[in-house]
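Quick look at what TrEMBL annotates:
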| type | residues | note |
| --- | --- | --- |
| DOMAIN | 5-80 | domain 'TECR-like N-terminal' |
| TRANSMEM | 85-107 | transmembrane segment |
| DOMAIN | 155-308 | domain '3-oxo-5-alpha-steroid 4-dehydrogenase C-terminal' |
| TRANSMEM | 166-184 | transmembrane segment |
| TRANSMEM | 196-215 | transmembrane segment |
| TRANSMEM | 255-276 | transmembrane segment |
Amino acid sequence: FVSSQVEILDWETKKQLCFLDKVEPNATIREIRLMFHKLYPRWYPARQSIKLDPKGKSLRDEEILQHLPVGTTATLYFKDLGPQIGWTTVFLIEYTGPLFIYFVFYFRMTFVYGLDERFTSSPHPVVNLACICHSFHYIKRLIETVFVHRFSRGTMPLRNIVKNCLYYWGFAAWLAYYINHPLYTPPSYGKKQINFAVIMFLLCEAGNFSIHVALSDLWRNGSKTCKIPYPTKNPFTWLFFFVSCPNYTYEVGTWISFTIMTQCVPVGLFTLLCFIQMTVWAKDKHCTYLREFKDYPSHRMPIIPFLL
């Protein structure tokens, strides 16, 4: 093979940062990142966004130089993504917070509600049930983070962790404040409403977990190649017949059931925001599937079967 040359420019100023000579044509973008890192140690690979066009998408680690639309001298553009943090660490921080914040309100600390007694219990059983369900949800998320999830991208910008924690931790405090408030009133239809919501909650949690396991199985043996997810023998995965992101469908279902269970307006608002955000993510993922795979099932929708 004839060796290639790689010129890396700053994506904003177009100033040349380095010129790599005698690069193997079958070199991957990951290998080019490592070469660049040797010249600029402060820009470790996770901080680097390498592009063919200054305003284009970042190239994936596994992409090979000779397969890109470049000549013997390739011009690439570098963008600094800033300090990074691992996704596993991100999720552990995001999900641990709501788990413990909720208990501050559940145990009705004196500095929260201003009661004379340090601990008081609610007369409504649904309050205890809501605490169990909320805790179960975040414990499940933590277990999935450690044992199930595999991440195609290993890191995210460190600055985003503050925004994400404010979202998860803040909403957990807001929900817990009203659900555990001494003046809280139980659902209008009593046990029937609560029992229906609990069954729906457990089914959605089981479905969400099943989808995460199915998606994780696509990345077995360290493969990072994007694949089309298909239903398995597990009935909870059959939602793949109709939507591209059933994990989001089940997640929204979980919070709808929690809203029905508690009949609490802040929970409903949180559920609405979750639905909006997950619809955006689902549409992006759906478009990626359509772009990557010509044979992608045409009848699938992003998040809601036959509708959205």
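A Cβ is built for glycine as well, from the same backbone N, Cα and C atoms used for every other residue.
Nobody curates TrEMBL annotations by hand; they come from automatic prediction.
Within the chain, the transmembrane segment (255-276) has long-range Cβ neighbours (under 8 A, six or more residues past its boundaries) at 126, 129-130, 133-134, 137, 171, 174-175, 177-179, 184, 186-188, 193-194, 196-198, 200-201, 204. With pairs at least 6 apart in sequence, the transmembrane segment (196-215) and the transmembrane segment (166-184) have fewer than 3 Cβ pairs within the 8 Å limit; the two do not touch. Outside the transmembrane segment (196-215), and at least 6 residues removed from its termini, the chain residues within Cβ reach (under 8 Å) are 129, 133, 136-137, 140, 144, 148-149, 187, 229, 232, 234, 236-237, 239-240, 246-247, 249-251, 253-254, 256-258, 260-261. Each residue in the domain 'TECR-like N-terminal' (5-80) gets a DSSP state, and the totals come to 17 helix, 29 strand, 30 coil.
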